[in-house]
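J.: From TrEMBL, here are the annotated features:
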- 322-335: compositional bias 'Polar residues' (COMPBIAS)
- 67-323: domain 'NADP-dependent oxidoreductase' (DOMAIN)
- 322-344: region 'Disordered' (REGION)
- 1-15: signal peptide (SIGNAL)
Amino acid sequence: MASACGACLVAAASAARLGAAPPAAGVVGGNVAVGVGAVQLDPVPHVPTVAINGVGGTVQMPMAGLGVWQYNDTRAEAALKTALRVGYRMVDTALGYDNQGGVGRALAEAFGSGALRREDVFITSKIPGGLPSANATQALEQCLVQLGVEYVDLMLVHFPASWGGVGGPALRKEQWLAMEAFAKKGKARALGVSHYCPRHVEDVLSVATVPIAVNQVQYHVGMGTALENATDGIAYDRQEGVVYQSFSPLCGPCGTTELIDGKMVTDIGANHGKSGAQVSLRWQIQQGVPVIPKSDKESHLRDNLDLFDWTLSPKEMATLTAATSPPVSGTSEMPPTSGDCDVL
C-alpha cells in the first residue's frame, strides 16, 4: 500500500483540541528471523501501523493483532505464543476476559528469553465500565499485575456503563479521569474506549486532557452501509480524531461463518489467491480500520496477518460495502443496531 491506512489521516480534530501531535503511519517488522534461548521467531511479515493520539504524543499501533476474547488462560497463552512466533506484535485482552494471566505468561517467556523486548509488543487491555474512581484505579492496577508488565500501550474502558447498565455521563467522566491519572504515571501510553457512541465520547471529551486514542467497536462486512446506531458512529469518531478499531472483524458473535467461507468472500478471494476470511479482513484494512481477529490455529494466524501486500479492486470493495449480511450482532431491532447507543 502507498500508505498504512486512511485512518492515519483523520486524527486532526481532537488532536488539536487536546494538544496532541498529528498522526503518522509506520511499519512493524521486517523479513528477519530471531531466535534466543527456547523462543524461536519466524521472519516477521510487513505490518503497517497507524498513529494514535497518546498521552505524550503519537503512538504507533499495528493495523492487525491477536484477539483472545472467549479463550481461557491456557488457550490464550498458547495462542499468543504461536502468534508472537509467526510475527504478531499486538495482543488485545481485558480484565473481563479472565485470561490475562495466560497472556502474561506468554509475554514473560518471550521477554525473558530475549527474543522480544517489551517495546516490541503492543499490549491492549480493558477495564469494565461504570466504575467510580477508586474501583477504576484498582482494576487498572490489577491488569498490570495479571499481565506482568509495568505499562500497557493502550488501555480502554470496555463499555460506556457496567454490563448491568450502571453508569451515566458523570460516572463516565469520573472513570476517564482515573484512567488519565493512571496513564500520566507512565502506566499506559494511550487511552481509549470500546462500544462508545458519539454522545458517550462527548461526555469524555468534555473533561479529557488526554486524547481518546481508539474506539473499539464491532465492525465487519455486512455493516458497510449500516446506520450510526449500528456502527456506533464511525464517521463521528474519525471527525474527532479517534481511531476506529474493529473487534470481531469476522463477526464471531453472529452465529454464521459467511465472512470466512461464504460465496461472496470466497469468490473475491479466488481472484487474489486468498481466503474468504482474508478478503473480509482486507476490506476493513483498506478502509483504514485496524483489526484484531481471534485464532489459535497457526495457519489461520498466518493468513490473518497476510493482508498488506495485495489490494481489493474498487468494484470488489463496493460489492463488500454494499453487503447487508451479516448485520451487526446486538439487538433484534430492524434495522439491526448494536444496542450500544441505547446505553444511558
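Including glycine, each Cβ sits where the backbone N, Cα and C put it.
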J.: For the compositional bias 'Polar residues' (322-335), give me same-chain residues lying six or more residues beyond its boundaries with a C-beta closer than 8 angstroms to one of its C-beta atoms, as numbers and ranges.
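T.: Answer is 218, 220-227, 230-231, 248, 251, 253-256, 258-259, 264, 342.
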J.: Note the mean pLDDT of the domain 'NADP-dependent oxidoreductase' (67-323), expressed as a whole number.
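T.: Residues in the domain 'NADP-dependent oxidoreductase' (67-323) carry a mean pLDDT of 98 in this prediction.
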J.: If you run through the compositional bias 'Polar residues' (322-335) with DSSP, how many residues end up as helix, strand and coil?
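T.: The compositional bias 'Polar residues' (322-335) comes out at 1 helix, 0 strand, 13 coil.
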